[in-house]
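Notes follow once the structure below has been shown.
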Amino acid sequence: MNRNEISFIYYVKIKLYLYNSFFIMSYIEMVLAIPLLGAIALLFVPSWKTQTIRNIALNSSLLTFLISLLLWIEFDSSSALFQFTDGVCSPNVYSDVTLAKAASSSSFSALNFALGVDGISLFFIILTTLLVPICILVSWNNIEVYVKEYCIAFLVLETLMLTVFSVLDLLLFYIFFESVLIPMFIIIGVWGSRERKIRAAYQFFLYTLFGSVLMLLAILLIYFQTGTLDIEMLYLSDFSETRQCILWLAFFASFAVKVPMVPVHIWLPEAHVEAPTAGSVILAGILLKLGTYGFLRFSIPLFPYACIYFTPLIYTMSVIAIVYTSCTTIRQIDLKKIIAYSSVAHMNFVTIGLFSQNTQGIEGSILLMISHGLVSPALFLCVGVLYDRHKTRLLRYYSGCGQTMPIFALLFVFFTMANISLPGTSSFPGEFLVFIGSYQNNSFVAFCAATGMVLGAAYALWLCNRLIYGVSKPDFINTWSDVNRREFFMFAPLIAGILWIGVYPEPFLDAMHCSCIYLLYAQ
């Protein structure tokens, strides 16, 4: 055989190997691999082929979303264990084996890039894969510089976020938990909308990074005591009450900044205001959930005594955040800041439910996080629709826009009503369960949190009145077009999700129920 024939044979063998390797992947491995492969493919596309770049990014993210739906279809809701895993021991079945393995581990060679999905991480994965193609669509026309780098940043960010929700090793969780900051820092700093975008990017990066230093030290302490960082093995470990409190505070320092809780929330409004619309969508829809997901995945099951001990601290900080940010929201004139401060209030309502020490509160918190991941991005998309037309986010310029943009007005009112938990929308069942769970644990806290709901309705109705029904400025808005087809396609899946959860939340609650019970009573 000549050289060309040999080269062709090797080429065919490599293609067959890659083909077979791809199709023997588990669903979760495919979900992680596709956006990363899309980002790698974009490296070889010339920068001037912007339409090709956008198509590759959109198709990669859409394919990832479709495969993530297969996770839900194949998911066994009767099991509390991690699913779609390869070679990961189940703590309920192999408890003696895993404990022996943990005791015998003596080096970081025991680190294992194991992936798995349970009823808690399932919906965060689906939510992530849903929002990324929406981000690509919203940036279709308004990102004109460094388009290739922009799409690569979002696809890499998607891979990192999905890995955070699916990795089963504590140190690897920390690595990807912090790695998410890098592409988001670039997105805010390069494609932000105003002169202060560099300051906002550094503020976002440094606030969230410094809070995680103590968490890294806590992870090392956990490893030296248990000899393992495998999440399933750690659920079987036992820490003294004093050590639980120390470790809990170290994890709290990292997760509280990500939520964010008062007083470490200052970075969020600035980051939202300066970020491009797609950056705000990801920031509100996914990145704010990383902190509460960390509480749920680690703080509650690993440190049960410390959770009970520090519950008054969580309740106090959460109630202050809800009331303070709700009052602050009423005084804002920037549309993005209004939505950003309302996000702080909603996420602190989530923390109240997480530490209610009962399944109603925890399930309600997860449902509320999913709802917030649909409603808040939708509101930021609405602001983006207005910003694309006149490059300002100040409320006073858009008074009476409902007269010239009736479809937009209908969408904005719908999403605003969902934001204040109108029955029939996605926020209502989540907030109702959180209220029931917190009332069972502390009725006074539930009452204080309910005042935040009233304040939320006040600023939401005030916003609708000013924006939709105010006195119009004909010279400013008469030439605007209403929501176009591309923009409606962005809103459609969010509308469907909000109505589905609001009318029929049972499939979501069924999938997460066993996992919530297991985490709550893991020890």
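Note: Cβ is positioned from N, Cα and C throughout, glycine not excepted.
Record features, source Swiss-Prot:
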{"type": "TRANSMEM", "residues": "62-82", "note": "transmembrane segment"}
{"type": "TRANSMEM", "residues": "120-140", "note": "transmembrane segment"}
{"type": "TRANSMEM", "residues": "170-190", "note": "transmembrane segment"}
{"type": "TRANSMEM", "residues": "204-224", "note": "transmembrane segment"}
{"type": "TRANSMEM", "residues": "246-266", "note": "transmembrane segment"}
{"type": "TRANSMEM", "residues": "276-296", "note": "transmembrane segment"}
{"type": "TRANSMEM", "residues": "303-323", "note": "transmembrane segment"}
{"type": "TRANSMEM", "residues": "338-358", "note": "transmembrane segment"}
{"type": "TRANSMEM", "residues": "366-386", "note": "transmembrane segment"}
{"type": "TRANSMEM", "residues": "404-424", "note": "transmembrane segment"}
{"type": "TRANSMEM", "residues": "444-464", "note": "transmembrane segment"}
{"type": "TRANSMEM", "residues": "488-508", "note": "transmembrane segment"}
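The listed stretches are 62-82, 246-266, 276-296; of these, 276-296 has the most Cβ pairs under 8 Å to the transmembrane segment (120-140).
Proximity of the transmembrane segment (488-508) to the transmembrane segment (366-386) is established through 3 or more Cβ-Cβ distances under 8 Å for residue pairs spaced 6 or more apart. Beyond the ends of the transmembrane segment (276-296), by six or more residues, the same chain brings 120-121, 124, 127-128, 131-132, 134-136, 138-139, 142-143, 154, 157, 161, 164-165, 177, 180, 184, 187-188, 191-193, 251, 254-260, 268, 336, 339-340, 343, 347, 350-351, 354-355, 362, 365-366, 369, 372-374, 376-377, 380-381, 383-384, 387, 519 to within a C-beta distance below 8 angstroms of the stretch. Each of 62-82, 303-323, 366-386 was scored by its Cβ pairs under 8 Å to the transmembrane segment (338-358), and the highest score goes to 303-323.
Listed as Cβ neighbours of the transmembrane segment (204-224) (distance under 8 Å, sequence separation of 6 or more from its ends, same chain) are residues 108, 170-171, 174, 177-178, 181, 184-185, 188, 234, 237, 243, 246-247, 249-251, 253-254, 256-258, 264, 266-267, 270-271.
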